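Asks: Just dropping this structure here.
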Amino acid sequence: MELILKYFPNLTAVQKKQFEQLEELYLFWNAQINVISRKDTDAFYERHVLHSLGIAKIMEFTPGSAVLDIGTGGGFPGIPLAILFPEVQFHLVDSIGKKIKVVKEVANALGLKNVRATHARAEEIKEQFDFIVSRAVTAMPAFLPWTKRKFLKENKNPLPNGILYLKGGDLKEEMAPVKHPYKIHPLQTIFSGEFFDTKAVVYVDVTGN
Ligand SMILES: C[S@@+](CC[C@H](N)C(=O)[O-])C[C@H]1O[C@@H](n2cnc3c(N)ncnc32)[C@H](O)[C@@H]1O
């Protein structure tokens, strides 16, 4: 938890409490429905919460924005981002119903009013958003078609509407077929620790999609 405060020192009392509650909630739910790798639960705040918040270091969402988290699993990166940006609406979707049950339980327990969770495949979602976020779902060339027609035309954020995807490893080959402009933001320049050495936020500008 100190790790979160180190990089996000201006949290309100409510946000601090919500971040504090997260570990216990996920330990409880993960024991029943596996939503995070059991080997990672020791480093929960680093590998799940701070990692998710890497997106916030690249983009401070404007209040009133709408963000879709595709393949959210138990709520990553959507839940940590929803705590950090209480005035942004988050829609978290996953194709596995029991994972969405965990998301709903966690969001409820935290009192998050800006989270909606839906059991659906990404392709079935018909609404439009300012941004789409994701982590560990599929390679970018397969992901891009799922996001088609899901972006609002008007840009109200510091970056044009697009995708913010948490990725690891060598991205050159994966990103080679991508035609949209994109930028890779390595997280090792933002967060210390070996875990972040290979991690990045990939921003894809889909303007014109
Ligand atoms: C490896 S998990 C990652 C979960 C979460 N994003 C995280 O980082 O902890 C990938 C998730 O993507 C979901 N998924 C895969 N294809 C999907 C699709 N087409 N639509 C919605 N969810 C999908 C799976 O059900 C699974 O929960």
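The backbone N, Cα and C atoms fix where each Cβ goes, and this holds for glycine too.
Curation plays no part in TrEMBL annotations; they are all automatic predictions.
As annotated by TrEMBL, S-adenosyl-L-methionine binding site applies to Gly71, Phe76, Ala122, Glu123, Arg135.
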Asks: Using a 10 Å cut-off, grab the number of neighbouring Cβ atoms around the Cβ of Ala122 (S-adenosyl-L-methionine binding site), all chains included.
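Replies: There are 21 of them.
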Asks: Would you mind listing, in sequence order, the residues at least six apart from Glu123 (S-adenosyl-L-methionine binding site) in the same chain with a Cβ closer than 8 Å to its Cβ?
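Replies: Once residues fewer than 6 apart are set aside, Glu123 (S-adenosyl-L-methionine binding site) is near Trp146.
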